[in-house]
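Okay, so here's the structure we're looking at.
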Amino acid sequence: MIRVPSPAKLNLFLHITGRRENGYHELQTIFQLIDLYDWMTFTPISEDEIQIEGLGEVQLEQNLIYRAAQILRPHAQNPCGLHIKIEKNIPMGAGLGGGSSNAATTLIVLNQLWQCGLTEEQLAQFGVKLGADVPIFIYGLNAWAEGIGEHLSFIDLDQKQFIVLKPDCFISTQLLFSQKTLTRDSKPTTFCAYQLEPSNFGNNFEPLARELYPEVEEAMQYLDQFGHAKLTGTGACVFAEVTDEMNVDDILKHAPCKAYLVHSLKESPLRHFKVAS
């Protein structure tokens, strides 16, 4: 039995800079890993199948964990059936990358457990087929991202704490992308520019999320009283960096929805994962 953490991420900003002919959007963002974890347990079983426990009514063929395992199966030198249990702490549909992280964790663990012998780069190439956020969790380092999110430049970020709010709504990414008022032509920028004035960098999805989802608007207004609230991903989660002036316990206590205090990570706990021999 192997039990490992599967971390979440924040988008410290998110700009859409263009659109490809295939419909995919070009973007720029910073991925910040945080210490909010799902926990995944991998247990070999005698049956030649993948069993998944803990994700409710998600159909197996649509499950990113199952799909990750199926991608690796042809490369397995020592295949075995598995019971995979997931303990969810990262809210779903929140912009925190929980599903992508779970897929990446599955690729990392099974690459060793099944003796696939694939490199980190090969795992990332498989991962991007499952979702644009998956490679960041494969590499397990904070990064400046471009393209559809798959072109990564690893960066060193200061240690910080964040208050994260999860409004009681599920945001449709497709709905936000379909809005004609979505800004799709942000001017490309650089990490150096971000470092000089991070408060100038927002999220192109934020105005739409606030307009279409009153719960997001309420959470943003609440956090804006204490700091600079931002949307992560396409939402629904919003966050603000903790400052010395904040009474964190009081902010968490009176939040209008589920609230978390999280810490930034320099790297994923899976960065140096090894299956015990």
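Including glycine, each Cβ sits where the backbone N, Cα and C put it.
Swiss-Prot annotations:
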| type | residues | note |
| --- | --- | --- |
| ACT_SITE | Lys9 | active site |
| BINDING | Pro91, Met92, Gly93, Ala94, Gly95, Leu96, Gly97, Gly98, Gly99, Ser100, Ser101 | ATP binding site |
| ACT_SITE | Asp133 | active site |
- Item | Position of peak Cβ density within 10 Å, selected from the binding-site residues Gly93, Gly97, Gly99 | Gly97
- Task: For each of the binding-site residues (Pro91, Gly95), count the other CB atoms lying within 10 A of its CB, then report the residue with the highest count.
- Result: Gly95
- Any idea what DSSP makes of Lys9 (active site), helix, strand or coil? strand
- Just the number: how many Å between the Cα atoms of Asp133 (active site) and Gly97 (ATP binding site)? 7
- Additional residues surrounding ATP, by Cβ distance to the Pro91, Met92, Gly93, Ala94, Gly95, Leu96, Gly97, Gly98, Gly99, Ser100, Ser101 centre under 8 Å: Ala8, Ile90, Gly233
- Sorted by position, what residues of the same chain at least six away from Lys9 (active site) have a C-beta under 8 A from it? Phe31, Gln32, Leu33, Ile34, Leu96, Gly97, Ser101, Asp133, Ile136, Phe137, Thr232
